[in-house]
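Have a look at the structure below, then the notes.
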Amino acid sequence: MDQIDQEANNNSSSDGNTSFFKTLFNGLNAIIGVGLLSMPYALASGGWLSLILLLAISGAAGYAGLLTKRCMDANPKIKTYAEIGEAAFGKLGKTIVSIVLYVDLYLVLTGYLILEGDNLHNLFPEMNIHMKGISIGGKQSFVIIIAVALLPTVWLDNLSILAYISATGVVSALLILGSILSVGIFDGVGFHNKGELLNWKGIPMAMSLYMFSYSANPVFPTLYSSMKKKHHFSKVLIIGFACATICYTSMAILGYLMFGSALQSQITLNLPTHTLSSKIAIYTAWISPLSKYALMMEPVAATTESWFPKYQKNKGFKILLRTILVATQVVVAVTIPFFGSLMSLVGALLSATASITIPCLCYLKISKNSGRSIEHMFIMLLILLSLVIVALGTYTSLRSIIKEAIKHHRH
């Protein structure tokens, strides 16, 4: 294992050639995720005042990102997210951080496949696959088709090529926002829903979905290592989080004013499918995860490859392994088709842990936090906030998944 880490380190240190703007695009693409589509649903769950939570979580995740950078500055040998855990808490720290990172990104990727299936089924409701007496439903058949289409991007392991794909992801997020605004103004939907000020029952769901939308922290070490002028990374984070928060807040407010409590787990499912603006939004929502899938899969694939040191350099083995990873996600995506509840569970259980708890704990341990008592108290407060999200959110998401599974089973 140590030899693998050493090789990974050597590769990463020679990789520091990505420009400020390329890193910014990669960062923006990682932060502004599929959460954009579930923002209005999150706001409808918690009511208008839950926007305060959105801003708090954005600030906490952004600050934890800066702590991740400080941990890496403290020890130039640190290249990956798991190595931050190792620097702070030894081998056990590395193992725990690797597991959280792995499961978090794995489920996020599975969520992308469910999202693709939902959106395409919305566009082509008649679609079914019939082969040799086997019949596959619309959503499931789209999940399989998308997974096959994504496979070639997963076989690439070059992050500089992925920077160009990231640019399309950022543009598509802005396009979705623009077309939804256009649906409200020109397609007779309007912005007439008052909504409610606060819905206590929906707060855990809202909190988990907000958290899920800021779950990019595990990708930051990869971006930081690839950057040419590393001292500019703080700027990348600040600009990235500011842009993401403006996008998320705008989307949440627009969607809630348009559809009120009738919002579904993704706003694209509420849109009238016959209008041009809606079609643009739905098709773009379909493209958006395609631009992120390979970027988010990279740490998962690299971790899995490191379990087989003998074959790590074997191209054929890499392709086979990555294909198996995608195949297992298809199985999960077809078996758990409730996007909102799955995202909320990932947000609660893993995103909060990976994007706030772990960076804060590791920073306190690595820095020994000498003489910064106010900051020390603040970091402890953030850890507490993330644990509240984990406890409340996991409970409500699991309850909601069980409820939906029973309903699904009855039908």
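If you go along the chain as it appears here, the first residue is 1 and each next one adds 1.
Here the Cβ of each residue, glycine as well, is placed from N, Cα and C on the backbone.
If you check TrEMBL, you get these features:
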DOMAIN    17-397  domain 'Amino acid transporter transmembrane'
TRANSMEM  20-39  transmembrane segment
TRANSMEM  46-66  transmembrane segment
TRANSMEM  96-115  transmembrane segment
TRANSMEM  136-155  transmembrane segment
TRANSMEM  161-186  transmembrane segment
TRANSMEM  198-216  transmembrane segment
TRANSMEM  236-259  transmembrane segment
TRANSMEM  319-339  transmembrane segment
TRANSMEM  345-366  transmembrane segment
TRANSMEM  378-398  transmembrane segment
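The recorded stretches the transmembrane segment (136-155) and the transmembrane segment (319-339) share 3+ CB pairs below 8 A when only pairs 6 or more apart in sequence are counted, and are therefore in contact. If you look at the transmembrane segment (319-339) against the transmembrane segment (378-398), you find fewer than three C-beta pairs under 8 angstroms, all six or more positions apart, and that falls short of contact. Per-stretch counts of Cβ pairs under 8 Å to the transmembrane segment (236-259) identify 46-66 as the leading one among 46-66, 96-115, 161-186, 198-216, 378-398. Contact counts against the transmembrane segment (96-115), taken as Cβ pairs under 8 Å, peak for 345-366 among the stretches 20-39, 46-66, 161-186, 345-366. Here the transmembrane segment (20-39) lies next to the transmembrane segment (161-186) in space: the count of CB pairs under 8 Å, restricted to residues six or more apart, reaches at least 3. Counting residues 6+ beyond its ends, the transmembrane segment (46-66) has Cβ neighbours under 8 Å at 195-199, 202-203, 205-207, 210-211, 214-217, 220, 234, 237-238, 241, 244-245, 248-249, 252-253, 256, 355-356, 359-360, 382, 385-386, 389 in the same chain.
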